[in-house]
Amino acid sequence: MVPGVPGAVLTLCLWLAASSGCLAAGPGAAAARRLDESLSAGSVQRARCASRCLSLQITRISAFFQHFQNNGSLVWCQNHKQCSKCLEPCKESGDLRKHQCQSFCEPLFPKKSYECLTSCEFLKYILLVKQGDCPAPEKASGFAAACVESCEVDNECSGVKKCCSNGCGHTCQVPKTLYKGVPLKPRKELRFTELQSGQLEVKWSSKFNISIEPVIYVVQRRWNYGIHPSEDDATHWQTVAQTTDERVQLTDIRPSRWYQFRVAAVNVHGTRGFTAPSKHFRSSKDPSAPPAPANLRLANSTVNSDGSVTVTIVWDLPEEPDIPVHHYKVFWSWMVSSKSLVPTKKKRRKTTDGFQNSVILEKLQPDCDYVVELQAITYWGQTRLKSAKVSLHFTSTHATNNKEQLVKTRKGGIQTQLPFQRRRPTRPLEVGAPFYQDGQLQVKVYWKKTEDPTVNRYHVRWFPEACAHNRTTGSEASSGMTHENYIILQDLSFSCKYKVTVQPIRPKSHSKAEAVFFTTPPCSALKGKSHKPVGCLGEAGHVLSKVLAKPENLSASFIVQDVNITGHFSWKMAKANLYQPMTGFQVTWAEVTTESRQNSLPNSIISQSQILPSDHYVLTVPNLRPSTLYRLEVQVLTPGGEGPATIKTFRTPELPPSSAHRSHLKHRHPHHYKPSPERY
């Protein structure tokens, strides 16, 4: 660094496909360390790519850089026509090893893409080939000299070892000249300054730079919740900045978190690694109370045989509070025949864990107006922090009818909500029906193309959030890039809930990613439909053990409201054949029809599946078609596999004759038609 140069600080945020969840202790720790290493390696190689771009510019216009070598050089490169083309692949968050550089660069720079192409090829190379040179074959000794093919590429070797020839085979060997031309590590002492603006400034200092190439610093952090710092409970290391200065200012520092940082000095030749983790830092600010629960709504209502009513209330969990929610308090009270509410002392109350977003209220009186209040509670030491209360008004028995629900907070006004099944907007992402082809379970995800003319690529990322057999440990996220408005996801696992994010790629700005969830069916559901044999094996290649448990008394009821039909499907379980603990239920429903359906979207969803927790025996399906046969399958899920399916066919009721004439009045007269539920 040259002192006294007024260079601007540039922070290039890297869009990593890393999860920020806490690491699990135990068998998953090794997998977590491998994930940390792979993510860190990717960040370092992208910094090497950026350093190469700066090195090329120093060569071309060395006179300019004699007094301007490091400070501000990334800023300069970003604003330089040729250098910015070179930097573009270095910022790419997708896996370039799976894509052609030409398809990446030419849409961005149709006329002159040479700088982008050469930079992309360099990045692909260093992502596959580790730094350092292989020793001469005759130098190999011990196991390294064995005449075996123990590796094919460098990434198959641990640590800094490379896949090298020993004259009669290939083995993992320590390279020679590992640090030739590589800058020294920064000094391990990092200094923290909490600014009045709320930002955190992190500073470090460099040792003598033994390289003439520009040095780029990669800054990573990890954190844990709690009163005390803990490396065992910390997140993965995440790259938060890439800069040519010896400082960085971070804006997203949250109270109640213990942060650790580390820094690596990188040039085109590589790095000596990251500094040791810094001392822990925690903001001096006190954490805020949790936000009020959002989108409180009624998800299900069932009339029991004794005349009482059971309802399910759901809400959206907060995305990232200062402190995780410890528990939720739920209060409910009622009034009869439009009279005043019951006294406060007769209010009912219960609590639910902070990670849950639903509660079941049982033994409600029919035809009563209820008020439900919800409040989030967190703890900071001995201090209890409470959110504002949110309330929901509904009428029992007819709760799923088209009666408007009123939701309000103590600090705000009243907000009108449509019922749960009517509130769903048109989703930005759609998922087709899973299908089995070429020996793989696949699914098509599609979306509406953005109107922004600068967007011609989409970064897609997908991973299993939960599986029926609890085999997601170590599962890595997959990602891809496409120019189309769809992508086919391949090699999926059976009986898993997947999350998919799609992010438009803009040349000079960061776009918001949209997300969608879908559930893959069990293998047995496709086995009977496929013309070719489908091998229903576990992930380790072993046939899943037989499960005898089977749902019983599968029944359905339908509520007709104007032109909408909502189905409530329920079942019971007999414990006699349950020799293994249940992990949930796999529910699959589909229309039984040979008619083609008119739909503007490709691969319209005719069959759908959902995985429910083991304590949920009811599924609500809105927007069913009138007078239509539906086939419902319910299976028990256990760690050993799926049980036999209980199958039943139901026909939805017809719409009342006047529904078509009344449909334009449904918002004006919501109580005009209230049929009793039809039961099967």
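Glycine too: its Cβ is placed from the backbone N, Cα and C atoms.
Listed in Swiss-Prot for this protein:
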type     : residues  : note
DISULFID : C49-C83   : disulfide bond
DISULFID : C53-C77   : disulfide bond
DISULFID : C86-C105  : disulfide bond
DISULFID : C90-C101  : disulfide bond
DISULFID : C116-C120 : disulfide bond
DOMAIN   : 127-176   : domain 'WAP'
DOMAIN   : 186-287   : domain 'Fibronectin type-III 1'
DOMAIN   : 425-523   : domain 'Fibronectin type-III 3'
CARBOHYD : N71       : N-linked glycosylation site
CARBOHYD : N209      : N-linked glycosylation site
CARBOHYD : N300      : N-linked glycosylation site
CARBOHYD : N470      : N-linked glycosylation site
CARBOHYD : N553      : N-linked glycosylation site
CARBOHYD : N564      : N-linked glycosylation site
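In sequence order, R46, A47, C49, A50, C53, S119, L123 constitute the residues six or more apart from C90 (disulfide bond) in its chain with CB-CB distances below 8 Å. Within 10 Å of N553 (N-linked glycosylation site), as judged by C-alpha distances, no recorded positions are found among C83, C116, N564. In terms of Cα distance, the recorded positions that sit within 10 Å of C86 (disulfide bond) are C77, C116, chosen from C77, C101, C116, N564.
Of C83, C101, C105, C116, all annotated as disulfide-bonded residues, the residue with the shortest Cα distance to C77 (disulfide bond) is C83.
Within the same chain, the residues at least 6 positions away from C101 (disulfide bond) whose Cβ sits under 8 Å from its Cβ are P89, C116, L117, C120, E121, K124, listed in sequence order.
Each residue contributes its Cα atom, and for C105 (disulfide bond) and N564 (N-linked glycosylation site) those atoms are 49 Å apart. Each residue contributes its Cα atom, and for N564 (N-linked glycosylation site) and N300 (N-linked glycosylation site) those atoms are 15 Å apart. Annotation note: N300 (N-linked glycosylation site) sits in a strand segment as assigned by DSSP. Per-residue confidence over the domain 'WAP' (127-176) averages out at a pLDDT of 90. Cα spacing between C83 (disulfide bond) and N300 (N-linked glycosylation site): 58 Å, rounded to the nearest whole number. A strand conformation is recorded for N564 (N-linked glycosylation site) in the three-state DSSP classification.
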